[in-house]
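J.: Before I ask anything, here is the structure I am working with.
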Amino acid sequence: LAGGIILGVALWLRHDSQTTNILYLQLGDKQAPNTFYVGIYILIAVGAVMMFVGFLGCYGAIQESQCLLGTFFTCLVILFACEVAAGIWGFVNKDQIAKDVKQFYDQAFQQALMAESDANNAKAVVKTFHETLDCCGPDSAIGDMTLLWKENLCPRKDSLLKSFIENTSCHQKIDELFSGKLYLIGIAAIVVAVIMIFEMILSMVLCCGIRNSSVY
């Protein structure tokens, strides 16, 4: 059940409309940075393997098989080590993920301002960011650009003045988006780690109980 829950959370994060709209963008020959998906794929793999390993542990407990319980314990140790490594990687790269996406947005934004034709896909990339995150421009451009620029690239509000006042910086929105998603991944990883520790303890207790049983 825990593996199924983790797998469900990971699949939901993987197919979340906001992140997929942004991370599937392409600016010319350059693809949007998708380092964020590394953590998601690790969660998907851990959830799927946990479901299989959980079945193995239940079957081993029912059959009172030391071999199956030992295999169950070994698989849990390997999964736990992979999760700790993934957690360290995520902690080290948590700021870099948002930074890479902001750099990709800034590059598209600069190209969109210089583009003389609507055929340049930089404008489409920038508009996708603005519409998906309901934001308008990077931090440095909020006070410097004209109302006309905002009318062309930013989400349309009920009035031009409202559009100028209410739109938020895209840098801030990108930080909020990925910090929220990484926070969920962190919670899921901690829950999985705690469950794994209890599983390892109980599997060894049961294995020792079977070994010391008078029946055997």
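Every residue, even glycine, has its Cβ placed from backbone N, Cα and C.
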J.: Could you pull the disulfide partner of Cys170 out of Cys135, Cys136, Cys207, going by TrEMBL?
T.: Cys135
J.: Pick out which of Cys136, Cys207 TrEMBL lists as the disulfide partner of Cys154.
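T.: TrEMBL annotates a disulfide bond between Cys154 and Cys136.
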J.: Compute the C-alpha separation of Cys170 (disulfide bond) from Cys136 (disulfide bond), stating it in Å without decimals.
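T.: The separation of the Cα atoms works out to 6 Å.
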J.: For a quick check of understanding: among the disulfide-bonded residues Cys135, Cys136, Cys154, Cys170, which residue's Cβ has the most other Cβ atoms within 10 Å?
T.: Cys170
J.: Expressed to the nearest Å, what is the distance separating Cys154 (disulfide bond) and Cys135 (disulfide bond) at their Cα atoms?
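T.: Given the Cα positions, Cys154 (disulfide bond) is 7 Å from Cys135 (disulfide bond).
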J.: Taking residues 6+ outside the transmembrane segment (36-62), which of them lie with a CB under 8 Å of any CB in it?
T.: 1-11, 13-14, 19, 23, 68-69, 71-72, 75-76, 79, 82-83, 86, 89-90, 97, 101, 178, 181-182, 185, 188-189, 192, 199, 203, 206
J.: Under 8 Å between C-beta atoms and at least six residues away from its ends: which parts of the chain pack against the transmembrane segment (182-206)?
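T.: Non-local partners: 2, 6, 9-10, 13, 36, 39-40, 43, 46, 50, 57, 60-61, 69, 72-73, 76-77, 79-80, 83-84, 86-87, 90, 94, 97.
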